[in-house]
Amino acid sequence: MKSIVFVALFGLALLAVVCSASEDAHKELLKEVVRAMVVDKTDAVQAEERECRWYLGGCSQDGDCCKHLQCHSNYEWCIWDGTFSK
């Protein structure tokens, strides 16, 4: 009878350790996924900034500005060029 109780308690302790380790691994995996998402989002924003300048972004010529924007000659920032097409 004592051995059955001992085996049961040992099994429960082992199960608790395995579940705890699994939970820690799950938390680490979740942290890595969140970090990857944040890094990807940051890289995407930087890529957009490199491709073209948004509204009121600094520029030196029309080619620096995004679609439907033009470089204002006096203030050197991107403004709307008056077009609506997609």
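Backbone N, Cα and C define each Cβ position, glycine as well.
These come from Swiss-Prot:
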DISULFID  CYS52-CYS66  disulfide bond
DISULFID  CYS59-CYS71  disulfide bond
DISULFID  CYS65-CYS78  disulfide bond
SIGNAL    1-21  signal peptide
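Secondary structure at CYS71 (disulfide bond), as computed by DSSP, is strand.
Every protein chain considered, the tally of other Cβ atoms within 10 Å of the Cβ of CYS71 (disulfide bond) stands at 20. The least crowded of the disulfide-bonded residues CYS65, CYS66, CYS78, judged by other CB atoms within 10 A of its own CB, is CYS66.
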